[in-house]
């Protein structure tokens, strides 16, 4: 079925349509930012202090207005009935209106850097509200920590990275609560087999919550078991073979031959200037973190294990060093350096992790065939889909500095990608008009390459 235009003044080109869509999106972002500002002003006009003694006395009788705390520590209280009126005025349920005001106050009073980005239209209000929703439970210093670290990358941060940052803030600034949560989660570990809910074809659901080290070992064992099944001729899908491998492990009662080349767990431990270790250790496999004390526990368990586990300490690769080879193929050392530098696919808005080796290519920014070196400044990780887009879909890329990439889309939109994420630079400016050539030169034919007289204008 053909699509029909519904615009009052139909546009002729894809670039015109995209330009209109971007303009409408900017207008919507501005309206959302103004609505958030209005919500804050509504709260300012209805502070808890405005309740008089009569209203306070009514509270004790159970039916009067009362102060309510909507946002986190440090945000002002407002009157409950003001929340009710605001919600009704915007056609929201009371719960939805309360949540909206809470997010507005959280941004204005506890996340000032994010608030500034909203009011300057550098961050859509809906995304700022989603971030604010996650900091309501944090202490004041924890919210400030998140604000400082998220604001520079607020437009691009993904849910997994945000979750890690929120948990880090909890560990650093509310250790008692973090310990309570850790204990609660440890007690909640489980493996559940829905043996009483069997499908007609004999399948059941299994799910679990495990210690990270145990989960990575299990994943490694399932991956190798699935590979063995494939080598033996099994034609099932990878997921199906993993499920069969789990059953095989159970039937052998875990008495498997230990692989001599197990999948490594890679962590990065930061040492402070005074020689002590940071409380947080970064885990490369998951791009998350664990407590350094947990790493010590894993090392102790590995040392005592009879499974042949090995602990290897490696020096950190210098990300500022220039690595260069003459060949087209990217050596492991250069690949590791650029993937640690960029962390993810460097295509605009992409967050696919660079350590996903089976899905990430080490791309020459300037093709090797056109003189691009196999060197630090010219290698960047691209996921397979975006590598194809660059090669076949009309995208172009430059790298003015190592770790910084400038992209141009087929319709002329430009972006910059760096360690802070993706920056939308808008449409590429039109080329500067060239001054007219001298009329005498313009009307004089060029000299014939083989010599000989040429006709001249009269």
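Just so it is clear, glycine is given a Cβ too, placed from its N, Cα and C backbone atoms.
Between the stretches 327-370, 415-458, TrEMBL puts its region 'Disordered' entry on 415-458. For the ranges 371-390, 391-410, the feature annotated in TrEMBL as region 'Disordered' maps to 391-410. Here the region 'Disordered' (391-410) has long-range neighbours at 341-342, 346-348, 365, 376-378, 380, 416-419, 425, 428, meaning same-chain residues at least 6 beyond its ends whose C-beta is under 8 angstroms from one of its own. For the domain 'HNH nuclease' (333-388), the predicted model reports an average pLDDT of 90.
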